[in-house]
Amino acid sequence: MDAILLQILNGLDKGSAYALIALGLTLIFGTLGVVNFAHGALFMIGAFCAVTMQRILGLSFSQVDPTKTDFLGNPLKVQVPYVESWFGPEVGGAIIDWSVPIAIVMAIPVMIALGFAMERGLIKHFYKRPHADQILVTFGLAIVLQEIVKYFFGANPIQTGAPDMFAGSFDFGVLMGFDPNVIIYPYWRMVYFLFALVIIGGVFAFLQFTTFGMVVRAGMADRETVGLLGIDIDRRFTIMFGLAAAVAGLAGVMYTPILSPNYHMGMDFLVLSFVVVVVGGMGSLPGAVLAGFLLGILQSFASMNEIKSIIPGIDQVIIYLIAIVILLTRPRGLMGRKGVMED
Amino acid sequence: MFGLSSKDTRFLLIVVFLTLATPILLQPFPEGSSLAQFNAGYPDLMQKFAIFGIFAIGFNILFGLTGYLSFGHAAFLGVGSYTVVWMYKLLGYNVLPGLVLAVIVSALFALLIGFISLRRSGIYFSILTLAFAQMSYNLAYSVLTPITNGETGLQVYSNDPQILMGENSPTSPHLFGIVMRESTQFEVGGWLFTLNNGYYFCAVIAILAFYLSLRIFRSPFGMMLRAIKTNQTRMNYTGLNSRPYTLAAFVISGMYAGLAGGLLAAMDPLAGAERMQWTASGEVVLMTILGGAGTLMGPVLGAGFIKYFENIFSKINDGVLHAWFAFLPDGLEDLVVALIHPFVGKGWHLTLGILFMLVVIFLPGGLVEGGQRIARLFRSKKTKTAGPGGRNRDHQPKPAPHVAE
């Protein structure tokens, strides 16, 4: 029982990341009808927004510290971050410590601008081209974005820590009457899960309860009719592309303390997210979220020793295996709509 | 000749000549000159040209001709390599049994994967093949370690049975005594030419592979594949079952990939799981598109182009750049070098990505179409001077999108 609970919890954070990326992919696919292979790169760029923020906040100048001396007895030079000299060591230290959450403020405008630029500059010209062309050109774009990031940040993973406040783990087991230290769960993963829920809830609320969202939903259902009603649907879809990019970026920003970002993390997540989208059903937003969490949890179940001893290697292939079974038995995915991307 | 029209025969003979003369043609700069680093006529790279050419020719039969975009072809490459290395371990270093078996095993593998994946088309097909390839890759790394030797990669050890090894047999891959890694060098003036056994072995196989693909392109079977690419629904309405044709195309291209993988192991007796990773599948997609999907020569050109980039372009470092631009004034020289620096050396992937995007956006037919357009530019000038009988684009049949939706 406790082992099962632990695996569900372990699957949640990976599932959250899958769900957020798949949500963005589905938004783009549902509105613009474009298969975006560069979406993983947007996730990666979001993660590097956090790295950049950490570097900006960590900018420092050297200062002679009169109270300390080095081993020769000379006064010691210390690096003092600008933030600490402006706000004092306590507040400044806290700001540096919280660089990952603060990066969200930077990531939102950056990602939206990037999304706009991508849609207007490139993807707009590919609406009428076959899906394979869209896949290929966004695949090329992903390589370019990845290489640009590699050029500036190098090829090695960069450690980006969570605020100290969330450093420890939470003992879930005690809360539910199990022994202590049976079910422990790092605080930051809990934060990530809640954050993902907020974002997903926000996107759904935006689409469900605002006039803008209503028009977008109408456009997803029948783009031509909405256009005939005199609504500039293209502009709204461009905004949705920016939103989808921001969702992917935020997912990346908050994921940095869980996985140190490197330049090819986007590609690794992209392949899995595509599988998630297909399992959930092309063009279905609830399907993408559901399938994201489902596959994340199933993946962590499959890595349990008990299951691995029955079917060796299952943890490596479970996601792909499920995708194959779903595609062959329920071609539309779990919650796919009729008429979307049918053969 | 060879069951081909005279035009195709001429084409084939040109290809044969170019392939056999590669070690000389790719060595245009004399040894010791500053441009000698652009010479591509060394065995390792030429072998890759031939091998990845075969891989891309096979992929083109599936993607260019039939219109199915597979993102998992590297799995067959890996299967071919593993088969050949296992034959080294069990029988001995003769490459022939391994290569034959590699083609057979990858055909069986392709039959299985194709039978399942081809139930769907379009992007679902791409995802299914991707899923199968990633599964094979992950399994090769973890559970199948007894067969694949996991992360270390499969290689021949001294205590392997090798039952066909005689007293005097060579201890590296060979074909009935012709050792692959041996080569003859000769020097003419300042030029040094290397004729490598392994390259010529690959080249002969590549020519055969090319001839086979030429025959497929010109056959009724190839016509059927083109019909599937153009409009599969309409084909079904006429009462034709397209499944056997697509499956045959998938298996053929899988066999080509297996053969290429086997040849990789025949040149260098190693096989690792990273050959099956999806980035390797992406590479062959890049090659085919860059050269020109659906054309005969395009994929080979694309394969050569990318491998040349990978091996030569990546060697240009700042020192070389400074030497090139030394004629500029100092400040300007540094600026130019700084501007070019991100695109060469380790950054060659960036250039490749940009180039690939440009090709997809502006030249859907790849480098071959680019060449044709330039050729047409010259020709249309001539027809214009001849009279008003030039081509009118509106009255030409519209070209089909190069991939079925």
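Backbone N, Cα and C atoms are what each Cβ position is placed from, and that goes for glycine too.
Unlike curated records, TrEMBL annotations are generated automatically.
Since this is a predicted model, take the numbers as computed values, not measurements.
Summarising the annotation, TrEMBL assigns region 'Disordered' to B:382-405.
Residues 19, 77, 118, 121, 125-126, 199, 202-203, 205-206, 209-210, 213, 216-217, 222, 225-226, 228-229, 245-246, 249-250, 252-257, 259-261, 263-264, 267, 284-285, 287-288, 291, 293-295, 298-300, 302-304, 306-307, 402-404 of the same chain, all 6+ positions outside the transmembrane segment (B:50-69), place their C-beta atoms under 8 angstroms from a C-beta of that stretch. Taken from TrEMBL, the feature transmembrane segment applies to B:50-69 (among others).
As annotated by TrEMBL, transmembrane segment applies to B:97-116 (among others). A Cβ distance under 8 Å defines the sequence-distant neighbours of the transmembrane segment (B:97-116), meaning residues of its chain 6+ beyond its ends; these are 72, 75-76, 79-81, 83-88, 91, 128-129, 132, 246-247, 250-251, 253-255, 257-259, 261-263, 265-266.
The transmembrane segment annotation in TrEMBL covers B:123-144 (among others).
Summarising the annotation, TrEMBL assigns transmembrane segment to B:198-217 (among others). Residues 2-4, 8, 11-12, 15-16, 19-20, 22-23, 43, 46-47, 50-51, 53-54, 57-58, 60-61, 65, 95, 173, 175, 178, 180-181, 183, 225, 252, 256, 259, 263, 266-267, 296, 300 of the same chain lie 6 or more positions beyond the ends of the transmembrane segment (B:198-217) yet place their CB under 8 Å from a CB of it.
Under the heading transmembrane segment, TrEMBL lists B:244-264 (among others).
Here the transmembrane segment (B:284-309) has Cβ contacts under 8 Å with residues 11, 15, 40, 45, 48-49, 52-53, 55-57, 59-60, 63-65, 69, 71, 73-74, 210, 213-214, 217, 229, 257, 348, 351-352, 355-356, 359-360, 365-369, 402-403 of the same chain, all six or more residues outside its ends. Residues or ranges marked as transmembrane segment in TrEMBL: B:284-309 (among others).
Residues 286, 288-295, 297-298, 301-302, 305-306, 309-310, 313-314, 341, 402 of the same chain, all 6+ positions outside the transmembrane segment (B:347-368), place their C-beta atoms under 8 angstroms from a C-beta of that stretch. Marked as transmembrane segment by TrEMBL: B:347-368 (among others).
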